[in-house]
Amino acid sequence: MPLHIHDTLRREKRLFTPRDASRVSLYVCGPTVYDYAHIGNARPPVVFDVLVRLLRRTYGADHVIYARNVTDVDDKINQKAAREGVPISEVTARYEAAYLADMALLNVSPPDIAPHVTDYIPAIVDQIQAIIDAGCAYAAEGHVLFDVSSYKNYGALSGRNLDDMIAGARVEVAPYKKNPHDFVLWKPSKADEPSWPSPWGEGRPGWHIECSAMIEQTLGLPIDIHGGGIDLVFPHHENEIAQGVCAHGHAHGDQAHDEYARYWMHNGFLTVDAEKMSKSIGNVLLLHDLVQAMPGEVVRWALLSAHYRQPLDWNQSLLDQSKKSLDRLYGALHRSSGIEALDLDPPADFLKSIEDDLNTPGAMASLFALSSEIERGMTAGDLDAVAQARGRLIACASILGVLQADPAAWLEGDVSDDLRVEVDSLLEQRAAARAAKDWPEADRIRDRLNELNVVVMDGPDGATWRMKG
Ligand code: AMP
Ligand code: ZN
């Protein structure tokens, strides 16, 4: 089955056909670098990393272009820098570096392009000017505002109707706005805030215009796929479409939204122990802490264990299950490590799941089936079957971005250095005792390993070990 994607705009699963199969383009809204990312923020980059891996496999690695931006202009960044008394660039560099290091631990491949807002101010100013020229934005009191009433399809992505929105508006409206829903494209900066020159005065861009300007500059319009978390549908992505379309003078066309992104994908929200993460509850889990406490692949597996559009509850049992699942798969790879894997494609059932709007839970079931095939083949001594199943398992794992560690190292696991040294030394003594046919000594060492909860596996290349459990 070729790839089908649930498109938020059309509210249905659609066959994915790129505009140009030699250049499939994808944009995902990236982090605002003012603090460590929380575990919910890790869901989009992991989900879209699977999509990118699948697209690269389908269209060829050189025919996919993936951009994920870095928002390095933001009030929260300014506040953090002021609080710490350090330059803004120090804050943004620190949290971007941490983000990238944590992403690497999740096996998230870097995007092809990571545009920073601060590098695209002239492009942003140009796009704002184009929107004004098209009659869809106006300057007032140092601000530039998008005139939502000028764009015929405003509200199409989120399913909101402008008249209802206006009727429901209770917020205090800034005096320079013609319509309460007009949103900022450019705003003046205070003395201590970063600012750039523009035809409307010194200032800085609004949040939404960053993405539409960087998309146009880095990927070109229309892009094939635009992704992000479900909370971005309104207003961020609704506003991106309005800007991107109107900058090209298509405000009144019926299908005008097609001029911007051809498929819209949004992941569902992650909760922690069935509650929304919030600073006031004190249940915000930082990705940075989680990847110190456990292997990044466990975090990745947990994030992919529910379908991306569904909510995902993060809790201890999810983590235990994820660790157990990976242990089982690594166990099969380890047990069959002497047998060379064939270079094969993933099996049809795996592709059917993953191409069905990224059904990762279904795809994971195929991995378990393959690990069972490996175990059966090993038991039956059917080495051809093992070589095949290993090859298919490895092919599936490279699309999901898991099983990238050395199986022996994985199974030895989270063991303290002291224990590792002791076990390695016991194994050496055991090998020496066996070579000398000193069976009482070999037994004594085995008992000691048992006490340490260590399982020894003798293989063709010597003994390896893992913790019981
Ligand atoms: P932010 O830094 O808040 O703009 O968020 C970065 C990305 O994480 C956006 O795509 C958000 O939609 C997404 N996101 C934020 N919170 C969650 C959550 N609890 N669950 C899933 N995705 C989230
Ligand atoms: Zn964005």
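Positions of Cβ are set from backbone N, Cα and C atoms, glycine also.
Together with Cys29, His236, Glu240, TrEMBL lists one candidate of Cys211, Cys246 for binding Zn(2+), that being Cys211. Which of 56-60, 216-220, 276-280, 336-340 counts as motif ''KMSKS' region' depends on TrEMBL, and there it is 276-280.
Note on TrEMBL: of 31-41, 86-96, 141-151, the range annotated with the feature motif ''HIGH' region' is 31-41.
Between the listed binding-site residues, namely His236, Lys279, the fewest other CB atoms within 10 angstroms of a CB are found at Lys279. Within the chain carrying the motif ''KMSKS' region' (276-280), a Cβ under 8 angstroms from the stretch's Cβ atoms is held by residues 38-40, 269-270, all 6 or more beyond its ends. Among the binding-site residues Cys29, Cys211, Lys279, residues whose Cβ is positioned under 6 Å from ligand 2 are identified as Cys29, Cys211. When the binding-site residues Cys29, Cys211 are compared by the number of other CB atoms within 10 angstroms of each CB, Cys29 has the fewest. Taking the mean position of the Cβ atoms of Cys29, Cys211, His236, Glu240 as the Zn(2+) site, the remaining residues of that chain whose Cβ falls within 8 Å of it are Trp207, His208, Glu210, Ser212, His226, Gly228, Leu232, His237, Asn239.
For the motif ''KMSKS' region' (276-280), the mean pLDDT of the prediction comes to 93. Filtering Cys29, Cys211, His236, Glu240, Lys279 by Cβ distance to ligand 1 (under 6 A) retains the following binding-site residues: Cys29.
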